[in-house]
Structures are given as structure tokens and as C-alpha cells.
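Quick look at what Swiss-Prot annotates:
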BINDING   107, 108, 111, 133, 134, 135, 136, 137, 138, 139, 140, 141  5-phospho-alpha-D-ribose 1-diphosphate binding site
BINDING   137  orotate binding site
């Protein structure tokens, strides 16, 4: 069911950040940084997958994501909702239910042969597909999923995520050059603002996180092990 009334984008961002902090999906550690898949250090880490275990928060954020897409793109803009393996699958299913649309998912690697080898579920020629994921950092990982969708003969010009890093300036260009618009609920800046408001991390940690967000490349270079 799609809610008939909902907060504006700014309030949804604040509430999303608050909920992510409440379930401890957000981790800040400047003294012992996390290691990203790239091998580079980061004082921040977020685990959106935890959301599936919190029904009230999960439902609220899926309502937010659904109305965000409808507000930004339209109420009748899509024919199919696709999730990326694996983190995007539960969220795609929940959004598809709210939008009363078919749901599919995209494999990271093909299974079998043919142009639908990476698609599970029914996706037809010419269908307008929304790609749903948990988060995006620099946008690069989304392109493989988009390409797999387009190989079926469907179109994919939009991706919706719960969380967008918003610290790498090339992200929107990377997606835009590929013909993909990004829709998100909140960013690290929203989380930082809410963390400061709640006082859930000490000042030294928040200061170091803010330095990272303003210039992640410089921070990573200075904190390489």
C-alpha cells in the first residue's frame, strides 16, 4: 500500500539517518579505520542489509523510497522492479509490492546462455525497469546491473537506493554518462548531521569523519597502513 501523505525530501533524509543510527547500521571508527573493497581505509561503514530485520523501520523506509521514486519520476513510469544480487533483492521485492509491479533480480554473473542469462524472473522487451539497490558509493557497480537489464531489450534509466555516499564527485557523472538517474533517501552528510544532533559519537570521531567526507581521497592517502 502506498501512503497518501509523507514528509518532504529533507525530513525523509533526516528520519532515514535517524533510523539507520537507531539500528546501529552506521559505524564510525577513526582510530582503527575499516578497509573498503578497494583496499583503501575509511572511518565510516554502513550496513543497510540490517534493515530487513527491523520490520517497522523497514516498512517506513520502503514507503519513503517508493514515494521518492514516484515524486521524482512518476506514478506510471515503470513496468518492472529489479534488484541487484544480493543486497538489492529484498528491497526490490518490497518496492515492487508497494508499486503493484512485477519483480525480478539481476545476477552478478550469468547463469546459462542468452541475453537473459543474468535475469531471474520475467523481464520483457521494451519494459521500463527500475533498479533498486541498498546503497551506492561511486555508482560504478550499478552499471553492470543496468547493462544486464538492457541486454534483455528492456530499458533502465533510473536506480533507487536507500543510501548514497555523496562524497565522490564523479558519481552522478558516471551514472549520467550511462543514461541513469540516481534517487536516494539519505547521504553521509545527513547521517553526520543526525549523529551530531544525537551525540552518539564523540567529538574527535565526528571531526575525523567530517574531514574524510570533505576530502576522502586525501584522508585515505594520509591513513594508509
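Heads up, the Cβ atoms here are built off N, Cα and C, so glycines get one too.
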What does DSSP assign residue 107 (5-phospho-alpha-D-ribose 1-diphosphate binding site), in three states?
coil
Just jot down the residues in the same chain as residue 136 (5-phospho-alpha-D-ribose 1-diphosphate binding site), at least 6 apart in sequence, with C-beta under 8 A of its C-beta; none if empty.
142, 159, 161, 163, 164, 165, 171, 182, 184
With an 8 Å cut-off on Cβ-Cβ distance and a minimum sequence separation of at least 6, pull the same-chain contacts of residue 134 (5-phospho-alpha-D-ribose 1-diphosphate binding site), or say none.
48, 49, 51, 87, 88, 91, 161, 162, 163
Considering the binding-site residues 107, 111, which residue's Cβ sits among the greatest number of other Cβ atoms within 10 Å?
107
Enumerate same-chain residues with a sequence separation of six or more from residue 140 (5-phospho-alpha-D-ribose 1-diphosphate binding site) and a Cβ-Cβ distance below 8 A; give 'none' if the list is empty.
174
Can you tell me how many other Cβ atoms are located within 10 Å of the Cβ belonging to residue 138 (5-phospho-alpha-D-ribose 1-diphosphate binding site)?
15
Helix, strand or coil at residue 134 (5-phospho-alpha-D-ribose 1-diphosphate binding site), per DSSP?
strand
Between residue 107 (5-phospho-alpha-D-ribose 1-diphosphate binding site) and residue 137 (orotate binding site), find the distance joining the two CA atoms and give it rounded to the nearest Å.
19
Same-chain residues at least 6 apart in sequence whose Cβ lies under 8 Å from residue 137 (orotate binding site):
165, 168, 171
Cα-Cα distance maximum in Å, computed over every pair in 107, 108, 111, 133, 134, 135, 136, 137, 138, 139, 140, 141 that the record assigns to 5-phospho-alpha-D-ribose 1-diphosphate:
27
